[in-house]
Amino acid sequence: MGVGGKFWELLKPYARREGFDFLRDKKVAIDLSFWIVQHETAIKNRARNPHLRLTFFRTINLFSKFGAFPVFVLDGTPSPLKSQARIARFFRFSGIDTSTSTGVEEGVSKERNSAFSKCVDDCVELLELLGMPVLKANGEAEALCAQLNKDGHVDACITADSDAFLFGATCVIKCLRPNSKEPFECYNMSDIEAGLGVKRKHLIAISLLVGNDHDLNGVQGIGLDKALRFVQRFSEDEILNRLYEIGKGDVLLFQDRVRYVDDVIPCSDESSPKPRQSHCSFCGHPGSKTAHSKFSCEYCVTANSVGCLKKSQRFQCNCLSCDKVRKEKDQKKHENWWIKVCNMIAVESNFPNDEIIEMYMGNNHRMFTEDGSLLAWGDPKTELVVDFLAYHQSWQRSFVRQRILPMLSTMYLREMARNPNKTLLVGQYEFHSIQRVKIRYGHQSYVVKWKKAISGELSCAVPVERSNMQEEECTEVDDEPVDLLDDSIDPQIHVDGCCILTDESPALVCLAFPKEVVKFIQEKELKEMKRRKTSTIKSEGSSEMSELSKPQGVQLSITEFYRSTKIQSQAKPGEDLAKLSYNPGDGSSKQKRKVSSPNLSKAVRRRLFFG
């Protein structure tokens, strides 16, 4: 949840849509509870252990597809305030009367239910087998994620709890939409500061006013808009001190800073505007209606200067006296609103809560070394992962090995970029060639071919079947709607005999095998030049053939043909009409067509035309 009052909607205008490479070679802290809670929607589909299923595929794709270094963070023991708020939220949504129910005792922390804890333990075991670092916070997981982000150990946080900003996070990824060109919905604290004019302590003050995970109620009568308007009046250094003053009931002391209308000392200058004078009921300007009926006032301009113009329905006079009255009313309205908000805050007992403020401002969510040595990524224990998922998910072992191979190939390429002496991928395959460039949702990747090696020599008993798609050197566009963070995607590998094809990052392949990338680009440019040359020759040949095969005239219908023939025969002067008459002895079709009359039936004309 985080901050109450639809806080994410307030931040929505300042969200950024980031592309596939946003997390490339970056460290990202993930609130594991956030992922597990999302698995509840998959339970409705009766999936087997959805928490393990989605955690496995999301981790694989974050590491291999997006090139990130994920760090998973677990919730620790919740604070007593969080436990009380959790029970209160349960009663609120269940419709149970809290007056007759036994809540959490003061100062007692309540752990999560056993079913949720079992899901967390299963995911932690799987992540450790995959070689991912898993940290446990002292309290809230989003607090530790924010601390890692603030201290520079990670570059971003993945969580849906908006109070991560209150704990000091600078970059929060709320949503991942992999079926788009910009899959990450990212919120930067710098954008929020520039757009709303509020900083971290302002956000803490807003959470105290509207409610948060540790105090669901907040201040009665104050919503998100009112709280934002209130905190914007103060700087970051004084906002919390002012809340302490108002909460203690020192409203009168605080009101000394507000300028009232009654306290305005009138100016003795004769040029100062006098109190509001009478206005004409016809035009609405200063003066009387009788005087304005004879001559127009200085504010009304008419053609004949006789009489004023009738005021419109929403007329507003802009004279000095009216303008002053409006400003005084607005000032009084603002001051009354200000006093009302202060009175709402003063009524609350124990406001603001020191424990909540210290929790948000603290930096003891987990102890770290300065070099961040706890954040270490190891090699996955492939066979143990296969056994684990075969037992819990009843998956085929070959299926698990196929799905984990993208992670292994990514690790292999990273190691090759650092140490070119690394021999084989998973001890069996070696780099062969780059097949083509593949584009999915505007993101480019190389389709890399690996060949199986035995005793250092390449051997392939079965030739690789090359489909038209694999032979294609031009760019492939795939618009199929897939989920890159779930197992519904097309596998990143294609096994064919003793060869496999994987989708890899072009930058990573270039670092690992620079010579092969240069060779691939040169071959691609050469084939493109040949293709263009061939297409040019074909286009020139087709144009010549079209000129030769172009008909000399337009074929006419039977009626138009006889009509045109008749006109041509009549247009020749001096020609013997007897030659154009019908000769019974001549059976030629030409003579028949010349003497054919348009009055003949269609069948007769057809027989005459075709002989």
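Every residue gets a Cβ built from N, Cα and C, even glycine.
Taken from TrEMBL, the feature compositional bias 'Polar residues' covers 536-546.
Per TrEMBL, the feature domain 'XPG N-terminal' maps to 1-96.
Residues or ranges marked as domain 'XPG-I' by TrEMBL: 128-198.
Annotated region 'Disordered' per TrEMBL: 531-551 (among others), in sequence order.
The region 'Disordered' feature in TrEMBL is assigned to 569-611 (among others).
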Local confidence of the prediction over the domain 'XPG N-terminal' (1-96), expressed as mean pLDDT: 83
Tally of DSSP helical, extended and coil residues in the domain 'XPG-I' (128-198): 23 helix, 17 strand, 31 coil
DSSP-assigned states of the domain 'XPG N-terminal' (1-96) in counts, ordered helix, strand, coil: 53 helix, 15 strand, 28 coil
